[in-house]
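A.B. asks: Before I ask anything, here is the structure I am working with.
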């Protein structure tokens, strides 16, 4: 069912994200990447990142570091040292990302690798990644525990796990407004813009089924991660969770 949802929304995914969040999702993803602290030569896995939003930001952050270090444009040889794998279970979402890469002039960039894969059963080796991100994707998986276990497995010692997800608003008045917006505005907006009310009805309902911040943080710790913490954004509309494999 989830696969069908994202096949339907793929072509309008970025536009709807802008409309639903008033563009805030862009700032949230910037914050996610700043907490990741990318570095040249890193091996990074971005899961459920088909449209490339997070991967492009990581690549730009690494390129910026290179430019500051070299005081000249990044040359291809140095760029190839960094490897960012974009993994998504949905080929339609990956196709959107590849198209966006072409539009950005990144079609031939060897730092970016697009992989169709399942977050619950990754094809990457043990202790192979310096970083792992998943943005607005983990609430759509069948078994969150399996995703966290796989994230822990593929990360190297010292590797960082970061997850941003739509979460639970705790401020009473704000929660009432947020619930009204979620259920009364977003599905009709999906119908108007994407001709797909049902998929966006699922999306807002899936947020309510996702574990609260403290519970999800405890699940990350149970998977083996240490230094587990989270940061609420806009009163808990979204939260960035992080942990380190020691």
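Here the Cβ of each residue, glycine as well, is placed from N, Cα and C on the backbone.
Keep in mind that TrEMBL annotations are predicted by a computer and have not been checked by a curator.
Just so it is clear, the model here is predicted, and its values are computed rather than measured.
Annotations for this protein, taken from TrEMBL, read as follows:
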BINDING   51, 88, 118, 119  S-adenosyl-L-methionine binding site
A.B. asks: Looking at the binding-site residues 88, 118, which one has the fewest other Cβ atoms within 10 Å of its own Cβ?
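C.D. replies: With the binding-site residues 88, 118, fewest surrounding Cβ atoms within 10 Å: 118.
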A.B. asks: The record names 51, 88, 118, 119 as the residues that bind S-adenosyl-L-methionine; what is their largest Cα to Cα distance in Å?
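C.D. replies: 16 Å is the greatest Cα spacing among the residues binding S-adenosyl-L-methionine.
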